[in-house]
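Okay, so here's the structure we're looking at.
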Amino acid sequence: RMFHDDELEESEKFYVGQPRVLLLIYALYNTLVARSEMVCYFVIILNHMISASMITLVLPILIFLWAMLSVPRPSKRFWMTAIVYTEVAIVIKYFFQFGFFPWNKHVDYTKDKPYHPPNIIGIEKKEGYVHYDLVQLLALFFHRSILKCHGLWDEDEKGDSSSNKGDTDDELSLTGGRRDSASLKSVNLAASVESIHVHFPEQQTAVRRKSSSSISQLSHRSSFSSHRSKREQILDTFKNINHTTLSLYFPQCKLCVIKSHCGLCCSRTLQVYVPIRQFFYNLIHPDYSAVTDVYVLMFLADTVDFIIIVFGFWAFGKHSAAADITSSLSEDQVPEAFLVMVLIQFGTMVIDRALYLKKTVMGKVIFQVILVFGIHFWMFFILPGVTERKFSQNTVAQLWYFVKCVYFGLSAYQIRCGYPTRVLGNFLTKSYNYVNLFLFQGFRLVPFLTELRAVMDWVWTDTTLSLSSWICVEDIYAHIFILKCWRESEKRYPQPRGQKKKKVVKYGMGGMIIVLLICIVWFPLLFMSLIKSVAGITNKPLDVSIKITLGGYQPIFTMSAQQNQLKSLDPNEFNEFLKSYSSDTAALQFLEGYAREDITRADLEGNSNSLWTISPPSRQKMIQGLEDPKADFTLVISWSIQRVLEEVYPYYIKAPSDSLAKPIKQLLTGCKWENITVSLVQNKSEEWWVLNQLGKRRKTPDEGLELFIFSDKVSPPSLGFLAGYGIMGLYASVVLVIGKFVREFFSGISHSIMFEELPNVDRILKLCTDIFLVRETGELELEEDLYAKLIFLYRSPETMIKWTREK
């Protein structure tokens, strides 16, 4: 060992011997220390999500437009601004908690109003008004202590003083310019000189963003020299800034700039404008940049936000808290809030993709600024008015905003590091394994996603290929990548020659395919069976009506049962009901599909609820029909016309999910309907009919009818659109369509042997990669030549055989 210390060795042994829980606590603390700035960001955003006021809005915007864009880390000025601002916010909130302010006298009435001015500003009186601010201040002081502990709190001043020793001639002259800038105090510009100062490194040590490829080094050198001449002009301007600054920005104010009030305003304006302009200039034109690519993570964040919008769209609209997107779409209704949110989210994803392909940092900065201000203005000022509830009471909107903040952080990191100089292929094609293979195939199965991506890449990428040729290359590359994954898997798990396939492979892959095919074939039956028996909802009747007509004359009886007249069976009645059919197999088979809560007993009064109004001629004809002995029904003539109607009353009614109610023949004795009596009652000049059921289960002295209704379960509203197709509809739309794709997979193999059975695809894969590479480097003529070579390769089977041989 070059260095050995007994105390350090003993300390390491002591640390290793500690309990795992304590080691975990140490690790969490070290992680907290290493990412203390992220903890501060999280607490600030959380505080704004809970408070949602103008006071807490400032720091999140500064995080995404200042702190996360600073290279290499946020400056001391930002952290001091955050600390001082938090302290001032705490004092302001405390001051406005006193009860003598007018808006604090009706807190219970105004606390839920989103557009109440104190609620918007953040000075309303409430419990725990300062809890999150104190946690935020604690996190900021913790980060400040960490920076001081590591000597990073005063890093800017120390770095400026120490870097002067090793500067080049240009940097020495710039340092002299900075020393001369002390005279700017007369115009209050001394604070902005630090931000104006920029180090310009030598050509030999500079690692430029666009100098990563050897092909474009010469063009970069020429552009660097021209850019260096522009820098020298800027340096000369900054050297004499104490004499010419005001004349450069405001030529008409040369003589009176210091003496007049206009000069003071100009100097204050420059004091704010120049550092901001220089900050974004250095961000767009960096001297050093660690190029990275986090577009995939940004896309995933946008996808999560898209999913939140789809399943929680009701949180972004008015009077839609109980809405369901599936039920709304099944009724051919598109909510306006859902449509607007989806279009905005999709539009931002398309713009982000265009900026990524064009690799324009300036466009990304502009888009970041517009998006940060636009999202915060919409979420905290417009959305509460649309939904008529505060942002802090909208959980879905809070979740959407938090994911969007993650996107803002990733975008700031992408801007700070710069876009990659080359975008080669899909991010899922970087490795050749089963995970990438299945994810890539799943990506290609999403409707229109592959086509949309290919067209957008063709639009925003410099190329000489036509759209059809571009899609051809993409399809060939995707096919070759899939073959490469399979060939790599065959190398990792080789199959000896002449040895039969293992049972694990046969039963694993083959068994899974068998189960999958069986599930597809029998899915409609299983779905329709389980959707109502397991997840079904009881659909009890609300009204039961009876209407009886004799011989086509005026209805003699109309009666309906509602509310209290519709009763469910208690457990004892239900058990007795089942025992009465214990010897009837058909009835028991029917009753298997119904539970006690599915059966409803309707008690209908025997007296008709309407008078019998019939003309005298019709009445006379009806009497004649009843007196006719050749009629199909028998009569008993007395003071009141009375007769027995045999086998006309169904007694058991099935109420399916549709509107057609049917009698249940399985529960009728001998499949015969029940008997009822019909009598006409006369009271002076008024007449009405009375009906009575002879074989009622519940024996009562009152005349009336008894009816049992069996209600079929209905599917839940979220699955009603799928269950509405029925079994045949599901077979036609699911089984047949999927069966068509499966049949193409099993029957179209012979036509693709020359493109599928390629032993080694490395050369073809390299050719596709070379096409992507020369396209990114701007060699468009070479791109045409390589594309022609690829097309010729697929047109010539003999050449394909030579190219795909094992090395």
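The count begins at 1 with the first shown residue.
Quick reminder: no glycine exception, Cβ is built from N, Cα and C everywhere.
Curation does not apply to TrEMBL; its annotations are automatic.
Features of the protein shown, as given by TrEMBL:
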- 212-224: compositional bias 'Low complexity' (COMPBIAS)
- 34-154: domain 'Piezo transmembrane helical unit' (DOMAIN)
- 292-529: domain 'Piezo THU9 and anchor' (DOMAIN)
- 567-644: domain 'Piezo non-specific cation channel cap' (DOMAIN)
- 645-806: domain 'Piezo non-specific cation channel cap' (DOMAIN)
- 155-177: region 'Disordered' (REGION)
- 203-224: region 'Disordered' (REGION)
- 14-32: transmembrane segment (TRANSMEM)
- 39-66: transmembrane segment (TRANSMEM)
- 78-96: transmembrane segment (TRANSMEM)
- 294-317: transmembrane segment (TRANSMEM)
- 337-356: transmembrane segment (TRANSMEM)
- 365-387: transmembrane segment (TRANSMEM)
- 399-419: transmembrane segment (TRANSMEM)
- 431-447: transmembrane segment (TRANSMEM)
- 467-486: transmembrane segment (TRANSMEM)
- 507-531: transmembrane segment (TRANSMEM)
- 719-742: transmembrane segment (TRANSMEM)
Sequence-remote contacts (6 or more beyond its ends) of the transmembrane segment (467-486), Cβ cut-off under 8 Å?
425, 429, 432-434, 436-437, 440-441, 444, 454-455, 457-458, 755-756, 758, 761-762, 764-765, 768, 771, 787, 790-791, 794
For the transmembrane segment (337-356), find every same-chain residue at least 6 residues outside the stretch whose CB is under 8 Å from a CB in it, and list them.
295, 298-299, 302, 305-306, 309-310, 313-314, 316-318, 320, 325, 328, 363-364, 367, 371, 386, 419, 423, 453, 456, 459-460
Given the model, what does the mean pLDDT over the domain 'Piezo non-specific cation channel cap' (645-806) come out as?
74
Please indicate, using numbers and ranges, the residues of the same chain that are 6 or more beyond the transmembrane segment (39-66) and have a C-beta under 8 Å from a C-beta there.
32, 74, 78, 81-82, 85-86, 89, 92-93, 119-123, 132-133, 135-136, 139-140, 142-143, 279, 368-369, 372-373, 376, 380, 384, 390-392, 398, 401-402, 405, 408-409, 411-412
Quick one: DSSP breakdown of the domain 'Piezo transmembrane helical unit' (34-154) into helix, strand and coil?
82 helix, 0 strand, 39 coil
